[in-house]
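One structure below.
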Amino acid sequence: MQADGEFDLISRYFKRPAPERMLGVGDDCALMPLSQGCELAVSTDMLVEGRHFLPDVDPQALGHKALAVNLSDLAAMGARPLACTLALSLPAVDHAWLAAFADGFHTLARESHCPLVGGDTTRGDAVVLSITVLGEVRRSHALRRDAARVGDDVWVSGTLGAADLALRLALGQLPPDPERLRATRPALDRPMPRLKLGRYLAGVAHAAIDVSDGLLQDFDHILQASHCGAELWLDALPAHPALAGLDESLRREAMLSGGDAYELCFTARPLWREQIEALGRQLNVPVTRVGTLVRGQGARVLDGAGQAVSVTRRGFDHFSAPCGDIA
Ligand code: ADP
Ligand code: MG
């Protein structure tokens, strides 16, 4: 990218005043202080045009979502956001697109107290975004995937299935249903990372993960890292209201295997039940107990009669999915 163009773009769309005590865009590195007794939490997520979003995506929604999916990782670790960086490749300079993208990005950054403090900008064949979020969490309070224990309750925040349903409707994989698409589209386009919930759970819950690729697939990372198994209760899963009346197997798959939910799945000792429920009420975030951790391996999904349910589509995997799939 031409030097002039590049610096002009950066100062126009990305440079914002840095918060007090931070050094933001414009130097070789950004600088920020860490609170005493905290450790740094770092996470990076990439979004590639044609794979994670369609070329005709609303750029404002993309700016929001690109940051949201990264903040969701901080939430799942129990970390408080400090700042973020953005590496961006663009095939061409489209000012209307950039302005809308930057607006979606900075709006969520402001709401989440996660200012953009640096990055890189280059020309490339497709729009590719790589965002790194930096956060802090009290030492030994992080919600690690290897910290779950047999006997823990399994919890899920919010509701499940809406983003998956919206994606499948938008891609034409299901018969057109404008009403359901309208009801579920916001979940796909504008997920809200569960930052407050994650922070309050740090020090209470044992392990957590955010549901990005599908509940069963993501939860299995906790089970593997913690060397335990689980029973999940199908009837307890919090379905998004727009799933009502849907074919039962579609409903089940959307909840168990649908990606892009950005809800937290976490485990905690049963003695914390009341506090976790109170926390959910206080934050106005539904929290639902959906299972229990047992000895063994893998998750068994049980129906109302206690019978194991078989699930075919377990979740999204970029390397086993056929090319061109969007997730
Ligand atoms: P360097 O040559 O040190 O890599 P650059 O010229 O790439 O620096 O960037 C200049 C400044 O602008 C740096 O502070 C960098 O972090 C910031 N920056 C570049 N691209 C972006 C972006 N997309 N968003 C935010 N800050 C950016
Ligand atoms: Mg650079």
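Cβ coordinates are placed from backbone N, Cα and C, and glycine is handled just like the others.
Over all protein chains present, the Cβ of Asp210 (Mg(2+) 3 binding site) has 25 other Cβ atoms lying within 10 Å. Secondary structure at Asp210 (Mg(2+) 3 binding site), taken from DSSP and collapsed to helix, strand or coil, is strand. As annotated by TrEMBL, Mg(2+) 3 binding site applies to Asp28, Asp73, Asp210.
Cβ environment of Asp28 (Mg(2+) 3 binding site): no same-chain residue six or more positions apart lies under 8 Å away. Secondary structure at Asp28 (Mg(2+) 3 binding site), taken from DSSP and collapsed to helix, strand or coil, is coil. Residues or ranges marked as Mg(2+) 4 binding site in TrEMBL: Asp28, Ser43, Asp73.
Residues or ranges marked as Mg(2+) 1 binding site by TrEMBL: Thr44, Asp45, Asp120. Mapped onto three states, the DSSP output places Asp120 (Mg(2+) 1 binding site) in strand.
Neighbour list (Asp73 (Mg(2+) 3 binding site), Cβ cut-off 8 Å, at least 6 residues apart, same chain): Ser43, Asp45, Val133, Asp210. The Mg(2+) 2 binding site annotation in TrEMBL covers Asp45, Asp73.
Secondary structure from DSSP puts Asp260 (substrate binding site) in coil. Taken from TrEMBL, the feature substrate binding site covers His52, Asp260, Phe316.
In the three-state DSSP assignment, the secondary structure recorded for Arg145 (ATP binding site) is helix. All chains included, 20 other C-beta atoms sit within 10 angstroms of the C-beta of Arg145 (ATP binding site). The annotation ATP binding site is assigned in TrEMBL to Gly119, Asp120, Arg145, Ser212.
According to TrEMBL, the Mg(2+) 5 binding site annotation covers Asp213.
Confidence over the domain 'PurM-like N-terminal' (26-137), given as mean pLDDT on the 0 to 100 scale, stands at 96. Residues annotated as domain 'PurM-like N-terminal' in TrEMBL: 26-137.
Residues annotated as domain 'PurM-like C-terminal' in TrEMBL: 150-301.
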- Message: With DSSP assignments reduced to helix, strand and coil, which class does His52 (substrate binding site) get?
- Response: coil
- Task: Identify which of the following binding-site residues, namely Thr44, Asp120, Arg145, Asp213, Asp260, place a Cβ less than 6 Å away from any atom of ligand 2, and list them by sequence position.
- Result: Asp120
- Just the binding-site residues from Thr44, Asp73, Asp210 whose C-beta lies under 6 Å from any atom of ligand 1, please, or none if there are none. none
- Query: Of these binding-site residues, Asp120, Asp213, which scores lowest on Cβ atoms within 10 Å?
  - Reply: Asp120
- Query: In sequence order, what residues of the same chain, 6+ apart, have a Cβ less than 8 Å from the Cβ of Thr44 (Mg(2+) 1 binding site)?
  - Reply: Asn70, Ser130, Ile131, Thr132, Val133
- binding-site residues clustered about Asp213 (Mg(2+) 5 binding site) [Cα within 10 Å; pool: His52, Gly119, Asp120, Arg145, Asp260]: Asp260
